[in-house]
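Look at TrEMBL and you will find 32 tagged as active site, nucleophile. Per TrEMBL, active site, proton donor is recorded for 34. The Mg(2+) binding site annotation in TrEMBL covers 32, 319. Annotation comment: TrEMBL describes 34 as GMP binding site.
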């Protein structure tokens, strides 16, 4: 079976579709900046972690001993939930069930029995889940970390929790969460991160010719383009000059900075302000959004009024499922594209023979368990228990291929993650980077695969074909 599966490898540079969409219908392309037009090196998360850690010590009076903790890029993954009151980090699936074995207090895994006792099972009720934007507000006790910038925040939270626990220091988890959140925020709003990147742009920004190539291709085909970002003007200008060129503004019909998404998409009250060449805010009333100019703040309703760019002829790309995409698809009818950098590495792992072998055998074990559970004699039950034990070990092995603590961004043991559920709802298409667009014609139509629903598949026990056939089909579907 494995050689057959290995001949159908997944393409890390492909674009994947949740909803049918033709690029022929798209006249206007919009982009976020961070982790959409520009990608950052591994050094940036270390910078954010160290700066926020120092702010905790210097401004929030946390123990200086936490300075011994360094950023571990292999600890957390995006999409995790954090229980603010219990100070535990975990992965939750699309049905609000916690994936046991992925619950961490500090840097140590919480035993399954303790998790089940803590939550009276492994299900998290809706009223405890994070709110629409993934935040812990209005009584929600969970925070979901959806931003790529949140990886150092999760790691810092876990490190400080670890220090307090190891040293038997009594603390209030809610205060810790707020202090870490404020410190991470201050790294951005106080300009610490922006100044560091601008001072050593080659260290922090991954130069990529593909960004300019994508923008040039769209411009050559007469497409209009705009940029809406939460980052400040000088920072965006410096980065775009580096990755695209000093004439980068000539490619965009509208440029909006410090937009404060997702408020930009919902708050009708904030008017646009023009930013001059020196970065000074002007007080002129904005009657038209002009090409070559930079505007600050504003709101989408005013944007639509000034541009007339409405509905499904607009395709907007961003990396944050909530802040960038959710409101656009639900309230405004724009088409949306999610940039998921982790996708490329996960697909490469899924293309390895070891992964294919493991998943194929895991599917086989699952089929055997379903088929053979009818045998109730003692000897058969012993065999079934051995198979269950082996299946659990194989699941743990499958998880560790991606991340030793939390596994894949997209899957729990058998279900889609909560992250994937939101991605599937709010993104028409998704890809590892904008460069994937270079592999497709501007008239290409993306068709979602028709994946079988559970009731459309025969049960394992009802297959008349040899076991290998359904296993291969299931493994290919996986």
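Cβ from N, Cα, C; glycine included.
Just so you know, TrEMBL annotations are computer predictions that nobody has curated.
With a cut-off of 8 Å between CB atoms and residues at least 6 apart in sequence, the same chain places 227, 228, 229, 261, 316, 317, 318, 319, 320, 324, 339 near residue 32 (active site, nucleophile), listed in sequence order.
Annotation for the residue listed as 'active site, proton donor': spatial neighbours 40, 148, 149, 229, 230, 231, 319, criterion Cβ-Cβ under 8 Å with sequence separation of six or more. The Cβ neighbour count for residue 319 (Mg(2+) binding site), using a 10 Å radius and every protein chain shown, is 23.
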